[in-house]
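Quick look at what TrEMBL annotates:
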| type | residues | note |
| --- | --- | --- |
| TRANSMEM | A:26-51 | transmembrane segment |
| TRANSMEM | A:57-80 | transmembrane segment |
| TRANSMEM | A:87-106 | transmembrane segment |
| TRANSMEM | A:112-128 | transmembrane segment |
| TRANSMEM | A:135-154 | transmembrane segment |
| TRANSMEM | A:166-187 | transmembrane segment |
Amino acid sequence: MTTAPTASAPSTAPARPRTRWRVVDIVVAAVLGVATGLLFVLWNSVGYAWFTAMDALTPGFGGLAVGIWLIGGVLGGLIIRKPGAALFVELLAASVSMLLGSQWSIETVYSGIAQGLGAELVFLLFAYRRFGLPVAMLAGVGAAAAAFVLELFLSGNLAKSPEFLGIYLGSLVVSGALLAGLVGWLLTRALAATGVLDRFASGRSRAR
Amino acid sequence: MTGSRIRARGWGWRHAGRAVPAVAGLDLDVEPGERVLLLGPSGAGKSTLLAALAGVLGGEDEGDETGELAVDGAHPAGLRGTAGLVLQDPQANTIMSRVGDDVAFGCENLAVPRDEIWRRVREALAAVGLDVALDRSTAALSGGQRQRLALAGVLAMRPGLILLDEPTANLDPEGVVEVRDAVARVAAETGATLVVVEHRVETWLPVVDRVVVLAAGGGAVADGSPAAVLDAHRAQLAHDGVWVPGLPVEVARGGRHPGEALLVGEALRSGRDGAAVHEPLDVQVRAGEALIVTGRNGAGKSTLALTLAGLLPPVAGAVRATAPLRGELAAEAPIRWRPKQLASRIGTVFQQPEHQFVAARVRDEVAAGLRALRLPQPEVDARVGGLLAALRLDALADANPFTLSGGEQRRLSVATVLAPAPRVMVLDEPTFGQDRRTWSELVRLIASLVDDRGCAVVAVTHDADVERVLGDRVLRLGGER
Amino acid sequence: MSALARVNPVTPLLAAVLYSIPMLLTIDVVSAAVALAAWLVVFAAAGIGPRTVLRRAWPLLIAAPLSAVSMLLYAEPAGRIHAQVWLATISDRSIELALAIGLRVLALGVPTLVALVGLDPTRLADGLAQVARLPHRFVLAALAGTRLFGVLAEDWRQIALARRARGLGDTGAVRRALQAAFALLVVALRRGGTLATAMEARGFGGAERTWARPSTVGRADALLLILAIAVAATAIGASLAAGSFAPVWEGAQ
């Protein structure tokens, strides 16, 4: 007896979203947050090297590395599909990263809240009914925009030149759309194919 | 405290996204205090039934329920704390970081007052015979201790129904007895109703007073006293993968021709991060011979096997590959070989198949190691096709490896390691948690590798039956048991 | 660490917020220098030695100069211009801002990292749920998730060994690393699923629950909060008095 899935009439029309969080939603979101937090810790050295090298040598292109730090919100929204999931996963990932010793300490948590909210707002805009590639990329962009606004104050970026800020915003948006949005969407699809998301609507819609 | 009553009438469940129901048309009555062993082939929905009784099967968006299921007259999904469930993987049952906190977790969720919680925690730990400090880290527990901890966590909730899903399948023999005895004691003291799913019938016969057999995709096909059911259905049960007492699996071994030594461990001590876990050993791995490595928990069996396999550097002493194994390579120590040089000489099957998977399709999974060797495509296709057929995986060639069942995953992990045709095979607990059917397939396969292909096999196992069949030579670590 | 062990883990978190928000309002050398000096004195008095401080806050030694360099090159120029290459300009103002931002990274990072790194997750979760009254289902799920750290670390080791055993890893290091990370994510989510079942089977998920471990706040907690606010107030006050207070919202004056 295999557990190979059989597609039973996949619904193409977005179903009415179920907004109540089940235990499995909460726990899997938490595990996702912890795993993403570990990824952040890794990226805090690898990606940060890129970020700072680019940031120091070029005006604003450091933003291209930021997308990975935005992926928690996109993954949370795409996989769990519940209101608040993007925020919860990104915030938890940031907190884990902080508790393990991120160089941004408490500011990591502020970033987590802002970036999570940025992605969350996009999912809210689509009423938690659409989770395709465009929405994923928009969520990445939302997180990037939120990160940009927060850093104006957190990193004192308001004091920087308009040219720098323009390039920085541009590279953040591209990075958010690709490294967070596209990669998050591809990851969700690959995870759905493994069957680990079978208890989620995101895992059962893989027949599409 | 009295036990709970179970009543099922035409009950069934189909997981969302699946065409076939996991359970269908089940009629079952279990009286308070009964102790039931639930048997059936894999895929008969035993775990699904336990999850349903525990009320953790999920809501209507996760599957379709038919018929009626009740624990003490109510649908179990609405009950909290009436039923307690212990899962197969000891790791999965541990929730908190400290022993006392873990046992208290269920009580907290049932809103038991604080003083009462700690009284229950101590009682429950005593009842399962787990005599460790409350602030002991749960990470430091053995598998058997973890399962008893899980049982204590369940017990502290004072459930009327205790559900055990293959609680001893992943344990060593000492752990099995520890857990079984703890369950027997708890059942006798509390009078709770008990439902156990387990392939190894013999372990549980002293505890249960009734056996129910489920059919694949159907209801109960046999029900009665253990002796009556086992007598009447012995052959069918064995065929379904159940370990029926008094019916050992016989695996014929061909004529043995132990050949040259392929790997030699000299004054070898293995360990992780520089700390040796066993005394210096001299060990030879010979062509055409199976070496069984056994011994108690934590004696360093797996570490030794990984060291022999060229995956961990020795802490002291040396692992040497002899000329017939090493071929044209200059380095004698397998740890110094490059990955593809290693894989075509020594293959390793890990305890958890999921750790080994790299591809999105079964076919590509088997081919991955061959492509790394840059074999021509026709050769790759031929070897992959042959292995898939030999391990009954051909129908699943395009499935995602992670979606396979436990037994299928195990067979696939063996196939991937066999693909580059290594002369030495190292297997870490190859039969862990497998039913009788998968067990006999695996053991037959390993035996034929040794007897027909002249491979050398190193198998780490707790399984006395594996030792009986494959123990051409036995290395017992950590002293006599 | 005795001083920090006496407070509820929620307190350092709240203290970090109360301290960091006013400090984030300005980018100037005086406030950052005063605050950093004040904390080093506080740590010495609390028996937190320089080795502990360094062990927890070392990433800042890299982050601080790098933040400074970015500001040095790309701040909106003002005053005398010292050098200019394409969009990068070093001016009087950018030098001052660079020094200030570098010091601010240390002033914000050192105390918060010392107070927050290595908090016991169980105590923190108890505090967040009982004292801060965050939704307990989410807090406890996160706590259970953090317990998987050790398990996942071991999974990662096995996955890495298995790559070698499979004959993979000679080429394409990046691709292999991504595959291994994906395998770890699959294993993590699988463990998450069974963890959810195990937790639900122990009655997790209801609205009402009790707490086996009380989480309380007391005098030590009040003291830490007052200290955090006092350091921030002293730093901002000193900077106002010295006339160097530079509000962040007036960035590009």
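Glycine too: its Cβ is placed from the backbone N, Cα and C atoms.
For the transmembrane segment (A:166-187), the list of distant contacts is 59-68, 70-71, 73-75, 78, 119, 132-133, 136-145, 147-148, 157, 160: same-chain residues at least six beyond its ends, Cβ to Cβ under 8 Å. Count of Cβ pairs under 8 Å against the transmembrane segment (A:87-106): among A:26-51, A:57-80, A:112-128, A:135-154, the largest is for A:26-51. The recorded stretches the transmembrane segment (A:135-154) and the transmembrane segment (A:26-51) do not share 3+ CB pairs below 8 A when only pairs 6 or more apart in sequence are counted, and are therefore not in contact. Under 8 Å from some Cβ of the transmembrane segment (A:26-51) lie the Cβ atoms of residues 62-66, 68-69, 71-72, 75-76, 79-80, 82, 85, 88-97, 100, 102-103, 199-200, all in the same chain and six or more residues away from its ends.
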